[in-house]
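Single-structure report; data block below.
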Amino acid sequence: MTFDRVWLDANLCTMVAREGDPLGVIEDGAIAARDGHIAWVGRRADLPADATTTTQCDGAWILPGLIDCHTHLVYAGDRAREFEMRLEGASYEAIARAGGGILSTVRATRAADEAALVAAALPRLDLLLAEGVTTIEVKSGYGLELETERRMLRAARRLAGLRPVSLQTSLLAAHAVPPEFAGDADGYARHVAEDILPAIAAEGLADAVDGFTDSVIGFDLAQTRLVFEAARRAGLPVKLHADQLRDDAGAALAARHGALSADHIEYANAAGIAAMAHAGTVGVLLPGAFYFIRETHLPDIAAMRAAGLRLALATDLNPGSCPAPSLLLMLNMGCTLFRLTVAEALAGVTRHAAAALGLSDRGMLAPGLRCDLALYGISRPAELCYWIGRNPCLGRVVAGA
Ligand SMILES: [Zn+2]
């Protein structure tokens, strides 16, 4: 058997769950790659042949490359002034009057050309990659009109050509109601479904369609359904920001439409959780946003476990509610704030994050999957969840290179 490349003297956290070993650990292991895919995984002593290129890992731990399945990486401007005003006691109305809030990001993003969007996003992307991320999802949603939504998605696709990373894009035109449609969420949802979404789909710029269901500041169930039906006509899978601030039955709606994931879900009710598990919809937990907006209503993790719901963890990196370009920090927050186990948290940034993006070719160390690896200088996998603000990543491998 011949391989392109072999990694030796590594401890493997394969994430292929076994009875009594949810991390699928192989100590003193080796991984071999051929044509960008994993060709062999096992104990070093059982490796059938050597390759032309071998890498000694000196006891480092290798995990599947991390997957950040929910980000708003591409945007212009920043919201630090708004953060400062809030700490000085300003109300949301005062901040809005001073030009803050999501519409300030919309204004800045509309004014930025593609090169400016790429330049702003690149340093944020680099921070994620430096932690071992090899796949990232990027949403639009700060244009709220065709031209800028398209430019955001093009900028996202450009990033994938500038760095070794696998990138998935989601059209989130139904993120907020733009000023042009103030007071007419129905009209804007129709515009998304009939004009923006078909145009973006025809250009092949989106891998999925996302929405924001919230009865007070987002789109209601009927408006979201309109967008999801347009996605189905365009042949695109859907996902949803659901039940973040109150129980709007968003989780059940996502499940009914066979969504890849329902995200946030702090307020998702038992029926919604059961429907998600039944439909195979992944629950994406975003503890960074929970922390930053000082939410106190915890997601019902016990009900999610009991239902057998697959849980992912992501950064939700965005300028308004989670300026945190760190997936390792989310591992810690998922454990400290939501009381996930180490095995649940690590599955949330590997195998279940892959499922949340509809990708079956990654997220574990197993023959036939993409050879996306993250190497860490740690003594046990729990360290990835334990540290706050320490990055032990030694290197990444994307598609075997
Ligand atoms: Zn989000």
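In case you wondered, yes, glycine gets a Cβ from its N, Cα and C as well.
Going through ASP4, ASP9, ASP316 against TrEMBL, the one listed in the Zn(2+) site together with HIS70, HIS72, HIS241 turns out to be ASP316. Per TrEMBL, the 4-imidazolone-5-propanoate site holds TYR142, HIS175, GLN244, SER321; the candidate it also names there, chosen from ARG79, ARG81, ARG390, is ARG79. Its own atom aside, the Cβ of HIS175 (4-imidazolone-5-propanoate binding site) has 25 Cβ atoms within 10 angstroms in the protein chains shown. Of all Cα pairs drawn from TYR142, ASN318, GLY320, which the record names as binding N-formimidoyl-L-glutamate, the longest spans 11 Å. Among the binding-site residues HIS70, HIS72, HIS241, ASP316, ASN318, GLY320, the ones whose Cα is located within 10 Å of the Cα of HIS175 (4-imidazolone-5-propanoate binding site) are HIS241.
Sequence-ordered, the extra residues of this chain that approach the Zn(2+) site, with Cβ no more than 8 Å from the Cβ center of HIS70, HIS72, HIS241, ASP316, are THR71, LYS139, ASP263, HIS264, LEU286, ALA289, ALA314, LEU317, ASN318, CYS322.
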